[in-house]
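As written in Swiss-Prot, here are the features:
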TOPO_DOM  1-10  topological domain 'Cytoplasmic'
TRANSMEM  11-31  transmembrane segment
TOPO_DOM  32-398  topological domain 'Lumenal'
CARBOHYD  Asn79  N-linked glycosylation site
CARBOHYD  Asn132  N-linked glycosylation site
CARBOHYD  Asn179  N-linked glycosylation site
CARBOHYD  Asn287  N-linked glycosylation site
CARBOHYD  Asn330  N-linked glycosylation site
CARBOHYD  Asn360  N-linked glycosylation site
Amino acid sequence: MMSMLGGLQRYFRVILLLLLALTLLLLAGFLHSDLELDTPLFGGQAEGPPVTNIMFLKTHKTASSTVLNILYRFAETHNLSVALPAGSRVHLGYPWLFLARYVEGVGSQQRFNIMCNHLRFNLPQVQKVMPNDTFYFSILRNPVFQLESSFIYYKTYAPAFRGAPSLDAFLASPRTFYNDSRHLRNVYAKNNMWFDFGFDPNAQCEEGYVRARIAEVERRFRLVLIAEHLDESLVLLRRRLRWALDDVVAFRLNSRSARSVARLSPETRERARSWCALDWRLYEHFNRTLWAQLRAELGPRRLRGEVERLRARRRELASLCLQDGGALKNHTQIRDPRLRPYQSGKADILGYNLRPGLDNQTLGVCQRLVMPELQYMARLYALQFPEKPLKNIPFLGA
């Protein structure tokens, strides 16, 4: 009888051990399945201090103002120096090739942490301003929609656009309106992103030349964001820079109302790709590169989780900061003149109203999130160079 009881006890112990092992296996599988979502962003890579020496090539009409706001905020909250335009300038010498003397306060030993204002890339001169360990990145947009945006925004500035009644008309016969000899005023009218990288926008789209220039960009720029996939791009940027989530959360800035966006026919889109063939090759290449990097470093499941975290935090901040659920406002509806964006050409540039009654600390956070780039540049200039006259933003007095 005793031996039978002993046998039963051993039997139940074995069963309990098997159940315990099965439970542990199931738990391990559950934890592994959630690892992509719950692991901190920097899991699987060497951790370290946040990157603070950064050069962002701010291309035109590519969501770059939103990225600029991210960098300005990081610089201000971390007490970093910014390479700001000298004197009364609002850009770093654009459309001429960048020279170090376009930066306020530059000297033989002076180096800055962050450079992100509009310039035409010129590496030897940039290296006179930025440290050797600088992280270089930029952003591109589908050239069809980048050109459409430029046509509206620079309609009254670029000679090629002034004479064209519509983008359809311009692209139907671009040489009627575009003159190579006036390209410094017409930089927005053909291969503008290619131009911003320091290349010739009127060069022939020959395979060897294009590949050599793209390789040149790849050697210098460690990341190229894509405007159509901005949230995914910001997730990867955050990973590369080792920043906190709030550092890369941003609201859309310098965006247009829907009524000022032209609908383009398939024929017009194809003409735009052909006219801006160099931009198209650049965009195609780095769009593929971005997704290859995302797959390699994050994987689809983890990427979805990180993008949702970013969007959820943006919604939280919008609820905290913005009136009317964060609806974009026409500039005439923005109560605080310091938050009104600059209006250009035929574009209707939108902005935000902040919720009333915010405490001072929250108000400061929210103001930085929605501050247009010219006002923010003037703010940083005053903080960085208190002994110099304030930057003048003329349209604020209008």
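Cβ coordinates come from backbone N, Cα and C, glycine included.
Distribution of Swiss-Prot features across the structure.
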| residue | record | Cβ contacts under 8 Å, 6 or more apart |
| --- | --- | --- |
| Asn79 | N-linked glycosylation site | none |
| Asn132 | N-linked glycosylation site | none |
| Asn179 | N-linked glycosylation site | Pro159, Ala160, Asn186 |
| Asn287 | N-linked glycosylation site | Leu140, Ile226, Glu228, His229 |
| Asn330 | N-linked glycosylation site | Ser257, Asp348, Leu350 |
| Asn360 | N-linked glycosylation site | none |
Through the lens of DSSP with three states only, how would you label Asn287 (N-linked glycosylation site)?
helix
